[in-house]
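Peer 1: This is the structure I want to talk about, given as structure tokens.
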Amino acid sequence: METFWLRLSFWVALVGGVISDNPESYSTNLSIHVDSVATFHGTELSFVVTTHQPTNLALPSNGSMHNYCPQQTKITSAFKYINTVISCTIFIVGMVGNATLLRIIYQNKCMRNGPNALIASLALGDLIYVVIDLPINVFKLLAGRWPFEQNDFGVFLCKLFPFLQKSSVGITVLNLCALSVDRYRAVASWSRVQGIGIPLVTAIEIVSIWILSFILAIPEAIGFVMVPFEYKGAQHRTCMLNATSKFMEFYQDVKDWWLFGFYFCMPLVCTAIFYTLMTCEMLNRRNGSLRIALSEHLKQRREVAKTVFCLVVIFALCWFPLHLSRILKKTVYDEMDTNRCELLSFLLLMDYIGINLATMNSCINPIALYFVSKKFKNCFQSCLCCCCYQSKSLMTSVPMNGTSIQWKNHEQNNHNTERSSHKDSIN
């Protein structure tokens, strides 16, 4: 029975690696040096498993055959199609959800403010990843090879794929940090009522976020190359991280810790710090006539702060399993341990689950906003189900100030638009 579960978790994790096959997958990130492609002894794989020397998935650094893990692996077509359905679902939900979120913010002038601009920036980063990277994942899973592997366009995709993946994560992380800082600024200046429009400082922040995210993803574009190999008598090429310089060797060696520290811990620490400061600010100013006069205004800002906090929590839940499996692999796994196969199967299964959860993060933010905030829920319903509203009176929305959208007739909206410019919208 133990052998059965060992085999099951092992091939499940291998499919997970093929699904993502990005900078986060074990097929390109388990070891220090990437210079070979191997297949597992006694297996019947419909795809190529890329491994590394001296530390590949099952073969120790001495390369002896008797040190292979004993499990046999076989991938069923049904399992591949199940994962294809999951990827397609994420693609559809992510594309529709993030595109709708961008449309809502773009079409409503009253929503063009600092916090909404950061949320739109986050959604755009997720949308780019969903539209470009996920189709490549599905193709690799079904075809069992890298797309356009024999021509220059395949090389371009090999550079673009990990670059966009890492850029998307960087955009998400830095936007969450910026939103936490923005919420603290909003509470610290609670007597100031923010108007409509994107502040210059927020525009600079967004541009800086994208530039920095692209810069930090450059090592991925440099390190990933098309590596030729022979499999079952046929010549193939696959996209792998191949460290050919001292800098890339250093990057590959510290990559797991760098990803864990910057792309996971930093937004959590930033949120913890600024939300603690925000709480202290609210407690220190809990009394006062001005606060009483602006109690509704402060309530609106607290609701927005809760929404941002929810996005950070979802990010942590989606990415924690993947980072945990990488850190455990780095610190606990010993390739020379005779009992390593049981631990390896557990880590691979955790990695597979983590990869899918991390991918889900690119489509789950619009869903979270739909359920957490009534204002977003009403906006999504209005935008996605506009045909259902055509028989009703022409309706438009006022700024998203409270926990729900207040709908006004077209004539009333003209009167309220000018007043709304002095309120703090969602935000």
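In case you wondered, yes, glycine gets a Cβ from its N, Cα and C as well.
Note that the structure is a prediction, hence the values are computed from the model and not measured.
Taken from Swiss-Prot, the feature disulfide bond applies to C158-C239, supported by sequence analysis. According to Swiss-Prot, the feature N-linked glycosylation site maps to N29, N62, an assignment based on sequence analysis. Per Swiss-Prot, the feature phosphoserine maps to S425. Per Swiss-Prot, the feature signal peptide maps to 1-20; the stated evidence is sequence analysis. Among the features that Swiss-Prot reports, topological domain 'Extracellular' is placed at 21-80, 133-159, 230-256, 329-347. Per Swiss-Prot, topological domain 'Cytoplasmic' is recorded for 103-112, 182-205, 279-306, 373-427, and the stated evidence type is sequence analysis. According to Swiss-Prot, the feature transmembrane segment maps to 81-102, 113-132, 160-181, 206-229, 257-278, 307-328, 348-372, an assignment based on sequence analysis.
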Peer 1: Do the transmembrane segment (257-278) and the transmembrane segment (160-181) come together with 3 or more C-beta pairs under 8 Å, pairs six or more apart in sequence?
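Peer 2: Contact criterion met.
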Peer 1: Limited to the topological domain 'Extracellular' (329-347), I'd like the whole-number average of pLDDT.
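Peer 2: Average per-residue pLDDT within the topological domain 'Extracellular' (329-347): 76.
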Peer 1: For the transmembrane segment (348-372) and the transmembrane segment (81-102), decide whether they are in contact, meaning at least 3 CB pairs lie under 8 A, counting pairs 6 or more apart in sequence.
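Peer 2: Touching, yes - the transmembrane segment (348-372) and the transmembrane segment (81-102) meet the threshold of 3 or more Cβ pairs under 8 Å.
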Peer 1: With pairs restricted to those 6 or more apart in sequence, evaluate whether the transmembrane segment (307-328) and the transmembrane segment (81-102) have 3+ C-beta pairs under 8 Å.
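Peer 2: Not in contact, no.
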Peer 1: Could you count the residues of the topological domain 'Extracellular' (133-159) that DSSP puts in helix, in strand and in coil?
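Peer 2: Helix, strand and coil residues of the topological domain 'Extracellular' (133-159) number 19 helix, 0 strand, 8 coil.
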Peer 1: Which bits of the chain, at least 6 residues beyond where the transmembrane segment (81-102) starts or stops, bring a Cβ under 8 A of a Cβ in it?
Peer 2: 15-16, 19, 119-120, 123-124, 126-127, 130-131, 134-135, 137-138, 141-142, 356, 359-360, 362-363, 365-367, 369, 380, 383-384
Peer 1: How many helix, strand and coil residues does the topological domain 'Cytoplasmic' (103-112) contain under DSSP?
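Peer 2: The counts are 8 helix, 0 strand, 2 coil.
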Peer 1: Suppose we draw a 10 Å sphere around the Cβ of C239 (disulfide bond). How many other Cβ atoms does it contain, all chains included?
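Peer 2: The Cβ of C239 (disulfide bond) has 26 Cβ neighbours within 10 Å.
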